[in-house]
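Notes to accompany the following structure.
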Amino acid sequence: MAKQKFDRSKPHCNVGTIGHVDHGKTTLTAAITKTLSTKGWADFRAYDQIDNAPEEKARGLTIAISHIEYQTETRHYAHIDCPGHADYIKNMITGAAQMDGAILVVSAPDGPMPQTREHVLLIHQVEVPAVVVALNKCDMMDDEELLELVELEVRELLTKNSFPGDEIPVVRVSAIKALECGCGKRECEWCGRIWKLMDAVDTYIPIPPRPVDKPFLMKVEDVFSIKGRGTVATGRVERGVIKGGDEVDLVGLHHEPRKIVVTSLEMFHKILDTAEPGDAVGLLLRGVEREDIERGMVLAKPGSIKPHVNAEAEVYVLSKDEGGRHTPFFNGYKPQFFFGTTDVTGEIHLPEGVEMVVPGDHVKMKISTIYPVAMEKGMRFAIREGGKTVGAGAISQVLA
C-alpha cells in the first residue's frame with residue numbers, strides 16, 4: 001500500500017500522558033483515539049495495542065514508548081504514552097520523544113501520588129511549557145466536595161512546581177466510561193468530557209515555535225582547512241537559520257566566546273544560500289584558524305548561549321540490566337559528560353543527605369566540568385565511563 005502523504009495543513013503539536021501508575025494514562029489515550037475516530041480524525045487504538053509499546057534506543061537507553069497519531073478540528077497531534085514509570089523518567093530526561101505539552105492524568109479517588117509529583121517536577125525541569133489535567137475515574141466519585149478537594153490538591157502541586165496552577169484547565173473525565181460508550185457525541189455525558197479535554201489541549205497547549213524561529217545553534221562535529229579559502233566546520237543545524245555573511249559566536253572548551261563570520265555554506269558539495277534545522281552542512285569561516293576550533297564547540301547566534309563549568313541537572317542512572325554500572329557511585333565521582341559531540345571530564349556533587357546513587361535511580365545533582373562547555377537549561381547529555389553510557393541527564397539550571 002502506498003504511504004499517505006503527511007498532511008501539513010494543520011499545525012503540529014507533540015503531547016504525552018503523564019502521571020502515577022494505574023491512574024489511567026493508557027486507558028485515557030485509548031479513549032481519546034476512540035472518541036476522535038468517530039470523526040475520522042484517529043484510528044482507534046485499544047488499551048493492549050498501546051500498552052505493548054515498542055522499545056526504542058535514545059542516548060544508550062532502551063525506552064518503551066507508544067507513538068499515537070490523531071487530529072482535532074484545528075491541530076495534528078503526535079501523542080506519546082509509556083507503559084512503565086521508569087520509561088517516563090528516561091523519556092523526559094533523554095528527550096527521546098519531546099513534549100510540547102503534557103496531559104497530567106490523576107485518579108480522582110486517589111489524588112496526587114508519588115509518581116504524580118515526580119513527573120510534575122520533571123516536566124518543569126526539562127521545560128515542558130504547558131500542562132492540562134485530566135481528573136480521571138470521576139464515575140467512581142459521587143461527592144462533589146471531595147472532587148473539588150482533589151482538584152485543589154492537583155492545582156497546588158502544579159503551582160509548587162512553577163506552573164500556573166490556578167489557570168491550568170482541569171477536566172473531569174472517566175476514560176473507561178468513554179471507552180465503553182464510544183458514541184463520540186459531544187452531548188454524551190462521558191464522550192463529551194473527552195471532547196472537553198481535547199478542547200482544553202487545543203486551546204491551552206501552545207503550538208511550539210518552529211526551530212527556524214529560534215536562535216541559530218550548530219554543534220561542531222569536524223573541522224578542516226581548505227587551502228587559500230579558510231577553515232570549514234561541519235555539523236548538523238539544531239535550530240535557527242544561517243546564511244552567508246552572518247556573524248556567529250564560537251562557544252566552548254578553552255576560551256571566551258569569540259565572534260567569527262560565516263562566509264559561505266555547503267551541503268553535499270553544493271553551495272547553499274541558507275541552512276535550516278536538520279541540515280548537515282559545512283560552514284566556511286573567516287577570522288578563525290584551524291587550531292582555534294574543535295569538535296565539541298558550538299557555533300551560535302551571538303549572545304544566545306554561554307560556556308559554563310557548573311550546572312544543576314536531573315539524571316537517570318542506568319541499571320545493571322540496561323548496561324549501566326553494577327555498583328553505586330558516591331559524591332565526587334568523576335565520569336565523562338557527553339554534550340552533543342564531545343566527552344568532557346567532570347565531577348558529580350550529590351545533594352545533601354544523599355550518600356550514594358544506586359543504578360536505576362533518578363536523582364538531582366550538581367555537575368562541574370574541567371573546562372567550559374556551551375550549556376543551557378533543558379540541554380541533554382549522557383554520562384559515560386570507559387566508553388559506555390552509565391547515565392542520562394538534562395540541565396535544569398546553569399550555575400557559572
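Positions of Cβ are set from backbone N, Cα and C atoms, glycine also.
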- For Swiss-Prot, the entry region 'G1' belongs, out of 19-26, 339-346, to 19-26
- Task: Have a look at 60-64, 220-224, 260-264 and point to the one annotated region 'G2' in Swiss-Prot.
- Result: 60-64
- Query: Pick from 49-52, 81-84, 117-120, 141-144: which range does Swiss-Prot record as region 'G3'?
  - Reply: 81-84
- region 'G4' per Swiss-Prot - which of 36-39, 112-115, 136-139, 360-363: 136-139
- Query: Tell me, by DSSP, whether LYS25 (GTP binding site) is helix, strand or coil?
  - Reply: helix
- In the region 'G2' (60-64), how many residues does DSSP call helix, how many strand, and how many coil? 0 helix, 4 strand, 1 coil
- Give the distance between the Cα atoms of HIS85 (GTP binding site) and THR26 (Mg(2+) binding site), rounded to the nearest whole Å. 12
- Query: Taking DSSP states H, G and I as helix and E and B as strand, how many residues of the region 'G3' (81-84) are helix, strand and coil?
  - Reply: 0 helix, 1 strand, 3 coil
- Task: Do me a favour and check the Cα-Cα span between GLY19 (GTP binding site) and THR26 (Mg(2+) binding site); whole Å is fine.
- Result: 10
- Task: Pull the DSSP breakdown for the region 'G4' (136-139) and write it out as helix, strand, coil residue counts.
- Result: 2 helix, 1 strand, 1 coil
